[in-house]
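Reading through the structure tokens given below for one structure.
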Amino acid sequence: MVFFRLSPVPGSGLVLLCLVLGAVSSYSLELNLTNSEKNICLYAKWQMNFRIRYETTSKNYKFVTISDLANATYNGSICGDDQNGPKIVVQFGSVFSWVVNFTKDVSTYSIDIISFSYDTSDNTTFPDAKEKGIFTVYNPVAFGIPLNDIFRCSSMSTLEKNDVVQYYWDVHVQAFVQNGTVSTKEFLCDKDKTSTTAVPTVHTTVPSTTMPTPKEKPEVGSYSVNNGNGTCLLATMGLQLNITQEKVVSVINIKPNTTDFTGSCHPQTALLRLNSSNIKYLDFVFVKNENRFYLKEVNVNMSLINGSVFSISNNNLSYWDASLGSSYMCNKEQTVSVSGAFQINTFDLRVQPFNVIEGKYSTAQECSLDDDTILIPIIVGAGLSGLIIVIVIAYLIGRRKSYAGYQTL
């Protein structure tokens, strides 16, 4: 028998490597499998999403991000028997399915193989796919967990193969549950073990190392989020990070070709997450406010060149404000001040986190920096002021000359 629950996970500040932070709500998948005696045989609770790259009929590549798992089903999940091990099977819609198999030996059990299937014949999700059909990727995992321990990994884990990147976090799983009782003894993944260890203090006797300051503008990257019904968020921007740590300033340009992106869309909130080899996450959280939207929250966790970890969160921002149904655009350099130690310079920015239609930007509302119309009254005012000054000077010169023409009798 299968019992499952979709639990809303509200954010309240910074949650370690959680994909959806602050005001954004996500869904935690939770599964209880019971055997014929109605005892729990497998327990799992986790969060995940997927990013798929596919080739279009025009020989370009597009990305689809799958993050809306609210309608997940678990048909085919089993406790296992002498012939077959336990298995979790998740379907979300008719387009995607996800399977994880477990095995065991004398003293340990293993998460064996994770497979993910997607159907590019679905014209809603893959409207212009060059190849139509069902594709499956298999990721061998095969790491051991002591029997009667529950495996926990709050940190982000990534599996990448072929054109699919899978993201997992807040994972709790125990296969082969003993006596129907889920264990309270946790077996941590390596990333969680690392994150619970205090970061070594960098003493002042160690010479500070700064990253070379890029003088050129950062490359402009294009990012998007798909919620299963099409593109729900668009962003185009060049990003430059300014970090101050122990009075040492580091300036880092984001390189789009080495940066992965994912995110999620909800009725009142939207999230764009960037990550790379040294950036665990850089999150942009957008919210609706009546008939407008704006950037409310930025979170970052990254490794610096000196080996230290830099982490900042601010959920009380107000940038990139525009009307719903439009996009926000600012071509000139603009600064998002997240904290005294962290600022983001943006270049050639355009973003639309809500009401995206057919994967295209709506009419843009320009920032004041781009609005040249404000220069007109300034130029006119300056011209009038100059004319008045010229008239006054000419008048004074004329007065001096007229006085010079008369002599006192």
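Glycine too: its Cβ is placed from the backbone N, Cα and C atoms.
Summarising the annotation, TrEMBL assigns signal peptide to 1-26. Look at TrEMBL and you will find Cys153-Cys189, Cys330-Cys367 tagged as disulfide bond. Look at TrEMBL and you will find 218-356 tagged as domain 'Lysosome-associated membrane glycoprotein 2-like luminal'. Per TrEMBL, the feature transmembrane segment maps to 374-397. Positions annotated as domain 'Lysosome-associated membrane glycoprotein 2-like transmembrane' by TrEMBL: 376-407.
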Neighbouring CB atoms within 10 angstroms of the CB of Cys330 (disulfide bond), all protein chains considered, total 23
Checked against DSSP, the composition of the domain 'Lysosome-associated membrane glycoprotein 2-like luminal' (218-356) is 3 helix, 96 strand, 40 coil
Students should find that the Cβ of Cys189 (disulfide bond) has, within 10 Å, a number of other Cβ atoms equal to 18
